[in-house]
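Q: Copied straight from TrEMBL:
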TRANSMEM  12-40  transmembrane segment
TRANSMEM  52-73  transmembrane segment
TRANSMEM  80-98  transmembrane segment
TRANSMEM  104-125  transmembrane segment
TRANSMEM  137-157  transmembrane segment
TRANSMEM  169-188  transmembrane segment
TRANSMEM  303-319  transmembrane segment
TRANSMEM  339-358  transmembrane segment
TRANSMEM  370-390  transmembrane segment
TRANSMEM  396-417  transmembrane segment
TRANSMEM  429-452  transmembrane segment
TRANSMEM  464-484  transmembrane segment
Amino acid sequence: MAFRKPPDGGWGWVIVVVSFFTQFLCYGSPLAVGVLYLEWLDVFGEGKGKTAWVGSLANGIGLLASPVCSICVSSFGARPVAIFSGFMVAGGLMMSSFAPNIYFLYVSYGIVVGLGCGLLYTATVTITCQYFDKRRGLALGLISTGSSVGLFIYAALQRELVDLYGLDGCLLIVGALSLNILACGSLMRPLEPPSSPPPEKPSGDKVPDQYFVYREKEKTVEENVSILEKGYVDEKCVKNIPDYKQDGVLNKSALSSVSVNEKDTYKKKVVEQTNFCKQLAKRKWQVYLNYWKETVVLFKNKVFSALFVAILLFDIGGFPPSLLMEDVARSAGINEDDYHMPLISIIGIMTAVGKLILGILADFKWVNTLYLYVTTLLMTGAALFAIPFAKSYLTLAMLSGILGFLTGNWSIFPYVTTKTVGIEKLTHAYGILMFFAGLGNSLGPPIVGWFYDWTQEYDTAFYFSGLCVLLGGFLLLLAALPCWNSCSSHSSKLPPNTYSYKVASSA
């Protein structure tokens, strides 16, 4: 569907506000799941790697299903998807309060809540990009801070609720709070398409035409019956011969002719309905075929191909600290009385700051957003390498703040994707990239947990995490070097609204 020019304001700011609160409400508990992770370890007594699957699924399954989420938003719109997803998130959290074992949590908290969050994330990002162009970086930065503020508040809130009402009561209350997503989703008014002449005939009106054909044929049969009856009556009146035997013969012939016509009409109906279903199936198959063709075209873009590798490795290595940092501190022998603030809360508030600042920087013309994103990846890898050397609350708090700020690069990731493939292909490309991000989110924490179960310490795990992030950053940097764009003809083949990643002269 073609949308009119983004207004860069007006109702768009309402979209920003409700998208902020939507991400706040849906991602608050899954991102702050590290608090619940400690409780689940104590309640179910499973290994760290096995228990970490709950939080990793909640944060990864929605991203894994991003292609499906993108199709849902494209087909039904952001508002219906947001309202439906609100029920999923609230229901999944409330179901988790009755979990008898860790496997039940895999479904209720991991899959149901995670899928609802994925739908909501795609809906908020898509509708925000439709409403903003020049201020898109600022708008995306503002809405993405919602999940970070949610992480900051929910980390302390869930810990307090667990102390007051227990683990089950905490999940019930958090689930009830998530119902406010329904009110936010109802305000996501779609951007109206440009004024254009009405189409010749909508697809929904084509089916009644088939029905009218059938009705015409049925009407022909009825007319034939009436003509036969009328002819028979006229003939009797003219001849005035009361021949009951002749009447029976005429009735039989009329009924037989009517039954033959009805059979022919029924056969034609079946044939036409079969042809209609075949044409519909062909159109649907063509849609899927076009989707895969467009996917192949996207992967021919070297920057896009490197981007999907970078986001996969970044989430494998960069996501575990937000889930496991509390357990890292406990494993290092740090007393909880020394905590001035939960480490997860520090990650959350600094992520909000990072998203806002990086989003604002992305709007400056002299800033190359891809190189900015690569810089955050390389710095994240260095910070992960430093975690094994942190043995006090202060050093862990500083590293948590640095990692949180750098994780704010999520706010510029949609911006980079849009400039790489164009706004027309944003939903398609973003869905593919989020699939790989979800794969990284799902695998990262269990891998770190398995490293701990194997070595009984986190040092090796975070060396591995830092190596993954650094590798992804260097690959993306190599793909974006100006030497790849040596031919000016290559830039002319790029789709409209795309961005050629060359170093700006003023940078």
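The count begins at 1 with the first shown residue.
Backbone N, Cα and C define each Cβ position, glycine as well.
Here the structure is a predicted model, which means the values were calculated and not measured.
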Q: Between the stretches 12-40, 303-319, 464-484, which wins on the count of C-beta pairs under 8 angstroms to the transmembrane segment (104-125)?
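A: The stretch with the most contacts is 12-40.
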Q: Please indicate, using numbers and ranges, the residues of the same chain that are 6 or more beyond the transmembrane segment (370-390) and have a C-beta under 8 Å from a C-beta there.
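A: Distant Cβ neighbours of the transmembrane segment (370-390) are 303, 310, 314, 317-318, 321, 328, 332, 358, 361-362, 396, 398-399, 402-403, 406-409, 412-413, 416, 419-420, 458-459, 462-463, 465-470, 472-474, 476-477, 480, 501, 503, 507.
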Q: Determine which recorded stretch among 137-157, 169-188, 303-319, 339-358, 464-484 has the most C-beta pairs below 8 angstroms with the transmembrane segment (52-73).
A: 303-319
Q: By a Cβ-Cβ criterion of under 8 Å, what residues six or more beyond either terminus of the transmembrane segment (429-452) are in contact with it?
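A: Residues 47-53, 55-57, 59-71, 118, 121-122, 125-126, 295, 298, 304, 307-309, 311-320, 323-324, 331, 413-414, 417, 420-421, 458, 460-462, 464-465.
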